[in-house]
Amino acid sequence: MTSSERMAKVVLVDIEGTTTSISFVHDILFPYAKQNVEKFLRNSWEEDDIQHIVQDLQQVPQFADYKALLSAPPAEVDFELIAGFVRYLIDQDLKVTPMKTLQGLIWAQGYTNGELKGHVYEDVPTAFKAWRAAGLQIAVYSSGSVAAQKLIFGHSLVGNLQPYLSAYFDTHVGHKQEQQSYETIAKLLKEDPKHILFLTDIPGEAAAARSAGLQAIILQRPGNAALADDQKASFELIPDFKPLQNLKLPLNKYQA
């Protein structure tokens, strides 16, 4: 099935490498969080929601590994220790849920004060408009927290894109290369998996989605990782959203 022949009721989009450049995430968002995490924790250390995140971070298996790397770990957990651990997680590109939540709070300040604007490719808002006009829903599934997802689309370079989006999912529903995560999303959307089209740049995610019954297409945006020949043969590949701008709803309940 080619992109021009596809039909769906929901388009489920990844962010990094799909709607948004990988360089924005790695060269702007991650460094911003690293640079500001210590100041943020210092100023908000006593707040209940921050302390909940701190407690969750201490339960992460890598926390013990990080402390073992320190020449003189502090006797008590303080904001400097947690800030260092968060920087360690970012450097290791470990997608830990409480760290992602904390990043989202830090980025929120950056978006609010105008230091950050969410990058989206130029074909994204055009596709969003076309899909919604055709009656499709658009949902987001990213390893970044739901709060961070809303910030990128709510404070994008082209304005607020949130009105086009009907649902957001992060690692609270499961990891992105696990079949069950996509089964959970389909249930939460109350939609037949075959009527959900997942767009991503990661073959492992596309495979997990397809094993759950979803349709899946891989984006080959500039800067995305190169694909092996078997991966290219296994999935439909598109360079951007333009081939999908005429995506239509299924004609009836029997058509995928």
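Every residue gets a Cβ built from N, Cα and C, even glycine.
Per Swiss-Prot, substrate is bound by S142, S143; the candidate from K176, K187, K190 named for the same site is K176.
In the record from Swiss-Prot, residues D14, E16 bind Mg(2+); the candidate from D201, D229, D230 listed for the same site is D201. Residues S142, S143, K176 are the ones the record ties to substrate, and the longest Cα gap between any two of them is 8 Å.
Within 8 Å of the centroid defined by the CB atoms of S142, S143, K176, the record's substrate site, lie the Cβ atoms of D14, I15, E16, K95, Y141, G144, D170, T171, H175, E205, excluding the listed residues themselves. For S142 (substrate binding site), the nearest neighbour among the binding-site residues D14, E16, D201, judged by Cα separation, is D14.
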